[in-house]
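Starting off with a structure, shown below.
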Amino acid sequence: MATSAILALEDGTVFKGVSIGADGSSTAEVVFNTSMTGYQEILTDPSYARQMVTLTYPHIGNTGVNSEDEESNKIWCDGLIIRDLPLVASSWRSQESLDTYLKRKGVVGIADIDTRKLTRILREKGALAGCIMAGENLDEATAIAAAKAFPGLKGMDLAKEVTVEKAYEWTESTWDLVKGHTTPETFEFHVVAYDYGVKRNILRMLVERGCRLTVVPATTPASDVLAMNPDGIFLSNGPGDPEPCDYAIQAIKEILDTQIPVFGICLGHQLLALASGAKTKKMKFGHHGANHPVQAIEKGTVMITSQNHGFAVDEDTLPATLVMTHKSLFDGSLQGIARTDKSAFSFQGHPEASPGPHDVAPLFDQFIENIKASKASNKA
Ligand SMILES: NC(=O)CC[C@H](N)C(=O)O
């Protein structure tokens, strides 16, 4: 017989379902994601630390999981909430079923609940804290109390928690995976990537464009990074509130005193904005999905993008040195910025997708162009 599970929200709503993961309980912020594919990439995206995700697509688990689709080395998301787990997982790439994977990784999950109702609640009230309990002795009152006690992501510095301990050269076995580059020696540029919770596909896309990558911990001082003499500096995505990451904001300020090209994604974008004097704010329920239209303001073109953020840069606080380059066509919120006085720009959504459409991938090319231009002007 299936094991029971409950999901309690801080507003007192309780959903009863079946457990599809480990026994136990977990409390985090509940967000909805509208992607139709990519559940494994979502689960392993470090930006989901201290969040649990409900997927609006009803059938999750159809293609199982495999060792290649992980965006990091663990499941960071604190729980999975779905409508229906298929009885059979089927794909030539499948190595394990989703429920076995969740159990093996010790992550709780709940299925057979009305995820449309849950999403409507989150859309109306904004992201809420929730508690999943799975196994025996489920106690609704304790679960509601746990959800109510969750402090919320505002003010939470999580980049420090999910980052790596030591700097390293990123290889995966990328050198032979990526076409045209078989050894690190063939790489034209050296990029230092700050790991605030980086996704593997970002690193792959930089490598594909000829970058040798040194990945450094979130708290690495600017002086250490500058001593590596990089051609470009990348600021990664990551979980939590950008505002308390004072160590990162300070380092980015110092980096911006140089002429080294900088590119930021998501948390990295928010940190670039904070280091430039803008402010960030918590959104009502954020953007989580792979179908978000974003406009490139200057060209007027529209791209369909992958998104996963709950904070945003406040357009009204941009200093004179920042221009807004992109905006969301869902809610008009700011999606991209560029420094007017430096070679530094950033994007709120996820140009690396994984999962999602590849419309914004050319931003990586722009970073490479900026690096080439900076190298050319250094030589001149
Ligand atoms: N994907 C990310 O980098 C998310 C950034 C930040 N944690 C937010 O929620 O807005």
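Placed from the backbone N, Cα and C atoms, the Cβ positions cover glycine too.
Okay, so TrEMBL annotates it like this:
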REGION    1-189  region 'CPSase'
DOMAIN    3-133  domain 'Carbamoyl-phosphate synthase small subunit N-terminal'
BINDING   Ser47, Gly238, Gly240, Leu267, Gln270, Asn308, Gly310, Phe311  L-glutamine binding site
ACT_SITE  Cys266  active site, nucleophile
ACT_SITE  His350  active site
ACT_SITE  Glu352  active site
Tally every other Cβ atom lying within 10 Å of the Cβ atom of the residue listed as 'active site, nucleophile'.
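Around the Cβ of the residue listed as 'active site, nucleophile', 30 other Cβ atoms lie within 10 Å.
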Mind checking how the domain 'Carbamoyl-phosphate synthase small subunit N-terminal' (3-133) divides into helix, strand and coil residues in DSSP?
26 helix, 44 strand, 61 coil
Compute the C-alpha separation of Gly310 (L-glutamine binding site) from Cys266 (active site, nucleophile), stating it in Å without decimals.
10
Report, in whole Å, the straight Cα-to-Cα distance of Asn308 (L-glutamine binding site) from His350 (active site).
7
So which recorded positions out of Ser47, His350, Glu352 are up against ligand 1, CB under 6 A?
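With ligand 1 as the reference and 6 Å as the Cβ limit, the list reads Ser47.
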Using C-alpha atoms, which one of the binding-site residues Gly238, Gly240, Gln270 comes nearest to Glu352 (active site)?
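Checked the binding-site residues Gly238, Gly240, Gln270; minimum Cα distance to Glu352 (active site) goes to Gly238.
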Looking only at the domain 'Carbamoyl-phosphate synthase small subunit N-terminal' (3-133), what is the model's average confidence as pLDDT?
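97, rounded to a whole number.
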Cβ neighbours within 10 Å, counted over all protein chains: which one of the binding-site residues Gly238, Gly240, Gly310 has the most?
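By the 10 Å Cβ neighbour count, Gly238 comes out on top.
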By a simple count, how many Cβ atoms lie within 10 Å of the Cβ of Asn308 (L-glutamine binding site), its own Cβ left out?
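For Asn308 (L-glutamine binding site), the 10 Å Cβ neighbour count is 27.
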